[in-house]
Amino acid sequence: MENQNQDPRRTGGACSDGSSIQKQGGTKGRKQSHKIPTSPKKSEVARGHTRGKPHECDQCGKTFATSSSLKTHQSIHTGEKPHGCDECGKAFLSKFTLKIHQRIHTGEKPYGCEECGQHFRTTGDLRVHRRAHTGERPYGCDQCSKAFLTSGDLNIHKRVHTGERPYSCDQCGKAFTTRGYLQIHRRLHTGEKPYNCEYCEKTFATQGRWAIHLKMHRGEKPHQCDQCGKSFLLSNQLKQHQYIHTGERPYPCERCDKAFSNPAGLKRHHIVHSGEKPYGCDQCGKSFARTRGLKSHEQTCKRNLTSGTPVVGDLHLHLDTHMMQE
């Protein structure tokens, strides 16, 4: 059935009676004829949406080109993971996901960055890595000004604002924002330290601490101060060092008006208020609030031991001997 109400302006210049008109802006005198479009039937529209994807999921209505793709998708609803890894037993929804996982065991990284030569297991990992070169951070937080490389990183960050901690430890109940943080925490209970140092016998629970330790062996100090050129192992060490140049003291004491450029300085200062003297001399037992005082004292103790002069601890023992004899 023809659509008698079709607007000529929307049919490329066709009149309602089927005759042709001169197209505006075209070559002068040239005429173009256009057929009047007919309204498609509803069933044809439906076929248009699923054309090439005849296999429909009875759970959510999503359609697929092949029955195997549908079967893989339905595993999401059933929880089935039919494709298992021969190396570690981990199971996956699809053969493709299993294949990518197996590259962890084989070490295969077929996708290389043309900028730096670093290789990756998946095209997605490579795409994210390239943003490190371009500076692109396309996923911005609508709560604050932070932006992220991936949507996953953004979703995790949003938990800072919402307070959501969906991953709980079944041993102690402590909750975490990511599954990875929970996995690392569990190693406190199991004692697992899977990262071994190739230079010494130390082992580590986290890859981050292991990587920092390796840099100590190699003498790497990648974080350099742009004011004086001094280099540091960690970025937070550089940040605290820069307070020397700016004069900033962001760590105030809550018991007096003093403030410090780093948390270690504040911690040492707290001893003044508490009266604590945690540093004891091995020779005489005398205690000090700071290591500097202990080191100075130890030099005196050593000289006394060399000269034969009794130190405080020896004098106490000597007096105890007299008291026992009385």
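Each Cβ is built from the backbone N, Cα and C atoms, and glycine gets one as well.
TrEMBL labels come from automatic prediction, so no person has curated them.
Residues annotated as compositional bias 'Basic and acidic residues' in TrEMBL: 41-59.
Taken as a whole, the domain 'C2H2-type' (55-82) shows an average pLDDT of 84 in this prediction. Sequence annotations record features per position, and here TrEMBL assigns domain 'C2H2-type' to 55-82 (among others).
Taken from TrEMBL, the feature domain 'C2H2-type' applies to 83-110 (among others). Same-chain neighbours of the domain 'C2H2-type' (83-110): 72, 75-76, 119-122, counting only residues six or more beyond its ends whose CB sits under 8 Å from a CB of the stretch.
Residues 100, 103-104, 147-150 of the same chain lie 6 or more positions beyond the ends of the domain 'C2H2-type' (111-138) yet place their CB under 8 Å from a CB of it. The domain 'C2H2-type' annotation in TrEMBL covers 111-138 (among others).
Positions annotated as domain 'C2H2-type' by TrEMBL: 139-166 (among others). Taking Cβ pairs closer than 8 Å, the domain 'C2H2-type' (139-166) reaches residues 128, 131-132, 175-178 in its own chain, all 6 or more past its ends.
TrEMBL lists 167-194 (among others) with the feature domain 'C2H2-type'. Panel annotation: around the domain 'C2H2-type' (167-194), residues 156, 159-160, 203-206 of the same chain, lying at least six beyond its termini, place a Cβ under 8 Å from a Cβ of the stretch.
Cβ atoms under 8 Å from those of the domain 'C2H2-type' (195-222) belong to residues 184, 187-188, 231-234 of the same chain, restricted to positions at least 6 beyond its ends. Under the heading domain 'C2H2-type', TrEMBL lists 195-222 (among others).
What TrEMBL records for 223-250 (among others) is domain 'C2H2-type'.
Marked as domain 'C2H2-type' by TrEMBL: 251-278 (among others). According to DSSP, the domain 'C2H2-type' (251-278) comprises 12 helix, 4 strand, 12 coil.
According to TrEMBL, the domain 'C2H2-type' annotation covers 279-310 (among others).
Residues or ranges marked as region 'Disordered' in TrEMBL: 1-61.
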With DSSP as the reference, give the number of residues of the domain 'C2H2-type' (55-82) in helix, strand and coil.
12 helix, 4 strand, 12 coil
